[in-house]
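Asker: My structure is below; once you've seen it, I'll send some questions.
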Amino acid sequence: MHLSSRANAPAPHKPYNPFYLQLYFWVIIAIILGALLGHCYPVVGQQLKPLGDAFIKLVKMIISPVIFLTIVTGIASVAHVGTVARVFGKAMVYFLFFSTLALLLGLVVAHVVHPGVGMNINPADLHQGEIASYVEKSHDLTLVGFLMDIIPKTLLSPFVGDNILQVLFVAVLFGIALALAGERGKPVLNLLDALTLPVFKLVQMLMKMAPIGAFGAIAFTIGKYGVDSLVNLGWLVGSFYLTSLLFVLVILGAVSWFSGFSILKLIRYLKSELLLVLGTSSSEAALPSLMEKMVQAGCKKSVVGLVVPTGYSFNLDGTNIYMTLAALFIAQATNTELTPAHQLALFLVAMLSSKGAAGVSGAGFITLAATLTVVPEVPIAGMALILGVDRFMSECRSLTNFIGNAVATLVVSRWENALNHEQLKIALDGSEPAYQSLHAKDAEPSVSR
């Protein structure tokens, strides 16, 4: 009788919060006000850049502890090294497949839409001074250099830098070592597990400053580049936005449907984070919040800790679409004939160079420069054509990358039987709060067959 009454007891309901008290509402207001200020008073808008930069720096300050604590406690609690390798392998298969689809989609759309045809630009007439710094940075993006850079100089150096993969590398090794230590490692695991609570309280505190950061960042973008630059290259920008939307709704929508959840409900669930990414033009700004929300949606902490940080370097769907679409736009605008062999070379180089792109604003432009440097058939001077609108495309790149990593985390969790489907439904429907958090122990998932 006691069990029956408990089973029939109504579930606790989330207290109603008016929309004007929720974070996403104030981020929207901040973006609108920032855009208006940047348009009406461009000089003032440009001077507000430190607000956006300061918020990004505050978030990046907490990213390393979040990743380290999540991965170490997740792996050490699993206590099976083979599980870690299996999750990582499944994630890399997913990343490779959908990154390839994104690159192919960019190529196909460029051939169908022809965004650069008819511009008849002579590369010799383009001013290359503004892109020189991007080209110089792109020379450092080599495969060997990228792999070697994953290994930090010391055990502590990843925590004073901004290389997510170095933090991931150290965290995985430390988590495995802690798991192998057995009972003697329990005190350390308990300490790290306890530390996650104040760290994520700090994340919640920083997220309350998101409207200020979004306001400053969007005011700077509109003030510096203006909306006029969008008119001149509107066909390219529009093609990129529509292609990214197609990728999210059709391709990611299909894999979401097959995995048992709705892409539209997922987007609604992550609306605050997506608005933050839109305002700051950086998917990295919402990384800590994404990790916590994926656990709240029913993913095991150990899977989230491995998939999300790795995806920020290896699963950049928006950047991949941008690279092939922008490269063919430059070729079309400069009347450069690309044979199928040239396009295959471009595709293969883009597959490699995109894996080192960071989750910060402007990284996609540097990656494009690295790709065109290796494929000389496309004049790198043509990058000057899109420099003025790259910031506007950067926002779409970041949004697509962010959604892609959220979907990847849910899909890999499902493959691993590490997804609580009841908790996912509650989170995506928004009917009740998801009580589990990153500082909670992993619960047994409820997996639908």
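Keep in mind that glycine also has a Cβ here, set from the backbone N, Cα and C atoms.
For 20-42, 62-84, 91-113, 164-181, 202-224, 239-261, 344-366, 370-389, the entry in Swiss-Prot reads transmembrane segment.
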Asker: Relative to the transmembrane segment (91-113), which of 62-84, 202-224, 239-261 accounts for the most Cβ pairs at distances under 8 Å?
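Answerer: Ranked by Cβ pairs under 8 Å, first place goes to 239-261.
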Asker: Considering only Cβ pairs within less than 8 angstroms, which of the stretches 20-42, 62-84, 202-224, 239-261 has the most against the transmembrane segment (164-181)?
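Answerer: Maximum Cβ contact count belongs to 62-84.
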Asker: Based on Cβ pairs under 8 Å, which of the stretches 20-42, 202-224, 239-261 lies most in contact with the transmembrane segment (62-84)?
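Answerer: Stretch with the highest Cβ contact count: 202-224.
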Asker: Mind checking which residues of the chain, 6+ beyond the ends of the transmembrane segment (202-224), have their Cβ under 8 Å from one of its Cβ atoms?
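Answerer: Residues 23, 26-27, 29-31, 33-35, 37-39, 41-46, 48-56, 58-59, 62, 66, 272, 275-276, 278-281, 285, 288-289, 292, 391-392 contact the transmembrane segment (202-224) from elsewhere in the chain.
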